[in-house]
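Undergrad: Structure in structure tokens, see below.
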Amino acid sequence: MWQSVHSWTFNVFSLSQPELVALASNLLHWAGVDAYLGVSPAALTDFCMSVAAEYHDVAFHNFRHGVCVMHVTYLVLHGLGMHTERVHIDVPHRAALLLAALCHDAQHDGRTNPFHVATQSAVYKRFPVSSPLERLHAATTAKLLAETRLLAKLPIAERAELEGRIERLILATDMSLHDRVMTAATTTPTSIDAVADLILHCADISNPIMTTDVSRRWSTCLMDEFAEQVADERRRGLPLSTYMMAAPNSREEAALHMGFIERYAGEGWRTLVAVLDTDADLFATCLSNLAANETYWRLRIDRWTPTRAAASSHPHPPPPTDPVVRVESLQAA
Ligand SMILES: [Zn+2]
């Protein structure tokens, strides 16, 4: 199980739920978080089990996604040797990043922020100002940290600082803040907070930098979750989120994922590599995976053909038209 855990080719789908808990706990231990907090490795495991219980059994934003984002965050930190030439990512910041990554979608219900606003949901009513989901995830994380007393041995001021840092990191995972996170990191690459926000945001949208098999599997999970939301919208008589309605293996689905790479993941990861300004080999696999996945989706757009049934009823089918891809609304965070 741990053979390739320090590799970008690690397959998080190969793990059972108890193994996901074990991985999360080990990542915290390997990063020195237990020593920093003055707790035992067993306390880390108990905390990770509590986090797992706060995730819902939805298709994409589930505990596996939380552990996956945490694992990618760890790989970035580990590859950097926990520091860059520009920014030293010290233990408190490592702890904040890894804990925020693990918890960043806790209690996600598989619906988007616009859905919560449109339905005036309980989450929206609790956090009506902005980013209702991210505020829910941050509040859930704060509750877990308090209940488990994971930070109890830190001096009060240091604990408050760590809690504030975790909250800030989780709130910055709102996809609508993508441009702001990019701009902050590129204009102030020596700011540890700006770089940390960028690392977690990139880890959150890291599916396209994984091997094509793993990346494709996450894409399917996301489409399944989208289909659930559309079915819910239909039941409630709401306007349908048409960008979520691409059929499996269709040209529209390929265009949706390609649009996401172009607008978010590709820009994010290439910016991260530039901002960290570190050994090019560290991210070579990520960038080659990204290029392979771009090619994968591009080929499916370019070579798209109608289904056999459609072809037989239309001997000369018209070329496919570009679907309306509303990537700005794509909530993969
Ligand atoms: Zn996420």
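Each residue, glycine too, has its Cβ placed from N, Cα and C.
Reproduced below are the annotations present in TrEMBL:
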ACT_SITE  His61  active site, proton donor
BINDING   His65, His104, Asp105, Asp204  Zn(2+) 1 binding site
BINDING   Asp105  Zn(2+) 2 binding site
DOMAIN    1-304  domain 'PDEase'
REGION    308-333  region 'Disordered'
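Would you situate these features in the structure and describe their surroundings?
TA: Neighbour density for His61 (active site, proton donor): within 10 A of its CB lie 26 other CB atoms from the protein chains shown. Classification of His61 (active site, proton donor) by DSSP places it in coil, neither helical nor stranded.
Neighbour density for Asp105 (Zn(2+) 1 binding site): within 10 A of its CB lie 28 other CB atoms from the protein chains shown. Reduced to three states, the DSSP call for Asp105 (Zn(2+) 1 binding site) is coil.
When pLDDT is averaged over the domain 'PDEase' (1-304), the result is 94.
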Undergrad: State the count of C-beta atoms found within 10 angstroms of the C-beta of Asp204 (Zn(2+) 1 binding site), not counting that atom itself.
TA: 26
Undergrad: Just the number: how many Å between the Cα atoms of His61 (active site, proton donor) and His104 (Zn(2+) 1 binding site)?
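TA: If we compare the Cα positions of His61 (active site, proton donor) and His104 (Zn(2+) 1 binding site), the gap is 10 Å.
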Undergrad: In sequence order, which same-chain residues at least six apart have a C-beta under 8 angstroms from His65 (Zn(2+) 1 binding site)?
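TA: Same-chain residues close to His65 (Zn(2+) 1 binding site) (Cβ under 8 Å, separated by 6 or more) are Asp105.
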